[in-house]
């Protein structure tokens, strides 16, 4: 078993190191990760310049690209031995609800599944690594257990782990994505030369976080697992859209 590990926090992130340590005695693990923080990169590929891999002293491969670049290059030629699966994380910070649209952590897993590898994305509900061992424990547990799972085609598992000691985790729940309210407006700043710039503001508050959602599960102390599909076609909308199109003919 060979596992390609990536993330969006960067090649030196503590979550990446913890994930590698958790899986290293289970499988042959290769790390290819961005050379800097690429949070919010989503599924972007770098098309305007060449990518340059660099092997670090610890054996991790640093790449001047996005998380999706890392997985794409890892499966398409950089590695002599092809990986059997892709594991992304452990992200320091949640990827819940609408976060998955922007997350580089989730995007790395989606790219792995697009390239026909079973894939997981792991995120931890804290920017601090205090209880990171809890997330590493569940990453190992679920990756090992995937051998008993017939993962549906074009589906990845998005996993969020509460910031709690292991003994305080209440279990694992299968969840749907919740929803956030609209994010705050960008924050305008002016540099010393009088030039205006903007910071993207924080994500919106939880708007749909009821029972059954990923938000609800982690707040209640459960690990949340949400199956995500590559196919974003809205099949249920075909009937009304066909009626609309008929009126245009």
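The backbone N, Cα and C atoms fix where each Cβ goes, glycine too.
The record from Swiss-Prot ties 8, 9, 91 to divalent metal cation, and of the options 39, 42, 43 it ties 39 to that site too. With a cut-off of 8 Å between CB atoms and residues at least 6 apart in sequence, the same chain places 15, 16, 37, 38, 39, 91, 92, 105 near residue 9 (divalent metal cation binding site), listed in sequence order. For residue 39 (divalent metal cation binding site), the Cβ neighbour count at a 10 Å cut-off comes to 19, with all displayed protein chains included.
Taking the mean position of the Cβ atoms of 8, 9, 39, 91 as the divalent metal cation site, the remaining same-chain residues with a Cβ inside 8 Å of that point are 7, 10, 13, 15, 37, 38, 67, 92, 93, 103, 104, 105. A C-beta separation below 8 Å, combined with a sequence spacing of at least six in one chain, links residue 8 (divalent metal cation binding site) to 34, 37, 38, 39, 40, 41, 66, 67, 88, 91, 103, 104, 105, 107, 108.
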